[in-house]
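What follows is one structure encoded as structure tokens, with my remarks underneath.
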Amino acid sequence: MKKIGVFTSGGDSPGMNAAVRAVVRTGIYNNIEVYGIHRAYDGMIAGDIHRLESKDVSGIIQRGGTIIKSARSAAFRTKEGRKKAYESLKTAGIEGLVAIGGDGTFTGAKIFEAEYGIPSIGVPGTIDNDLFGTDNTIGYDTALNTVVEAVDKIRDTASSHDRLFFVEVMGRDAGFIALRSGIGVGAEAILVPETPTYIDTLIQKIEKGREQHKSSAIIMVAEGDDAGNAAEVARKVKEKFDFYDTKVTVLGHIQRGGSPSAADRVLASRLGVAAVEALLEGKTNQMVGVVNNQIAYTPYEKAIKHHNKLNENLLRLAEILST
Ligand code: F6P
């Protein structure tokens with residue numbers, strides 16, 4: 001293998017740049033040319049492919065976002081789109097891919113490999129942490145720190161006014177951000193899509209806190225919770241229990257930005273190196289992760305089924321600590 005491509009796809013996450021840097025430098029170390037495919041699968045289709053040298057990835061390890069941009073491609077979901085993408089790669093002479101992203105990214109890479117035989121290794125880059133086969137995804141730690149910092153500030157004002165806050169965090173179908181940051185901020189309740197939410201039970205919890213003279217309550221809500229988003233949950237609670245002055249805060253895309261934490265920079269660097277080494281060893285169709293501090297490879301198929309990953313112990317801990 002002499003030429004490989006790297007791209008960042010799906011929702012961006014802090015640390016993607018560190019991963020791109022690691023891929024480029026590991027390629028160069030192994031006498032391989034590395035090409036940045038801009039705007040993910042859309043750029044692959046359009047042939048927006050450019051050689052990356054060592055200097056191109058200087059000074060980016062600390063930067064949030066992704067210098068080669070990201071996208072969610074509708075065109076790549078079509079056969080014609082993938083054919084064009086293959087033709088672009090052929091023209092550029094690219095023989096293998098490092099795909100940095102989440103489940104949509106890996107689903108695309110898997111189909112592409114089956115149709116055109118282009119080998120690829122996935123690097124988990126998403127703030128959601130919703131991939132099986134790695135303890136943490138790149139960006140998750142930074143996003144958690146962003147949420148904790150923001151909610152600490154909310155707590156200050158919530159306590160001053162005896163208010164009940166519903167704080168919505170990202171995670172369309174995964175509660176990792178809500179659960180871990182909720183524990184980190186001492187939330188009174190944490191609502192995640194993986195477990196059913198009962199409004200009456202939630203009200204009992206809030207009520208109990210009020211009886212114990214708690215001066216505020218923070219309810220962390222994953223955006224994809226089965227009871228609805230934070231505004232909907234707040235409305236349902238307010239209909240039955242109106243003792244607190246209630247506010248809703250949606251943290252939104254602030255969670256996706258910012259300079260990556262030290263943990264994310266190191267994780268991204270390890271995974272970027274391991275991805276290129278895996279391609280050179282002839283591996284394909286797998287995501288590289290870190291499990292128990294060791295590099296691990298998981299087939300795409302398995303990596304995207306994250307649902308048995310939410311930590312039962314953390315759920316139990318959250319329940320104990322919120323009493
Ligand atoms: O997958 C990452 C993520 O940030 C999710 O948590 C969120 O639901 C989604 O992307 C938001 O996507 P967009 O930036 O396209 O609105």
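Cβ atoms here come from the backbone N, Cα and C positions, even for glycine.
All TrEMBL annotations are machine predictions without curation.
Residues Arg72, Ser73, Gly102, Asp103, Gly104, Thr105 are recorded by TrEMBL as ATP binders, and the candidate that the same record lists for that site, out of Gly11, Gly15, Gly171, is Gly11. Within Glu194, Glu223, Glu277, Glu281, the residue that TrEMBL lists together with Thr126, Ile127, Asp128, Arg163, Met170, Gly171, Arg172, Lys247, His253, Ile254, Gln255, Arg256 for binding substrate is Glu223. The annotation in TrEMBL ties Arg21, Ala22, Val23, Val24, Arg25, Gly186, Ala187, Glu188, Lys214, Ser215, Ser216 to ADP, and of the candidates under consideration, Arg63, Arg77, Arg155, Arg265, the one tied to the same site is Arg155. Excluding the listed site residues Gly11, Arg72, Ser73, Gly102, Asp103, Gly104, Thr105, the same chain places Ser9, Gly10, Ala40, Gly101, Thr107, Gly108, Thr126 with Cβ atoms within 8 Å of the centre of the ATP site Cβ atoms. Close contacts with ligand 1, defined as a Cβ under 6 Å from any of its atoms, occur at Gly11, Thr126, Arg172 among the binding-site residues Gly11, Ser73, Thr126, Arg172, Glu188. Mean pLDDT for the domain 'Phosphofructokinase' (3-279) in this predicted model: 97. Ranked by Cα separation from Ile254 (substrate binding site), the binding-site residues Gly11, Arg72, Ser215 are led by Gly11.
A straight line from the CA of Met170 (substrate binding site) to the CA of Gly104 (ATP binding site) spans 17 Å.
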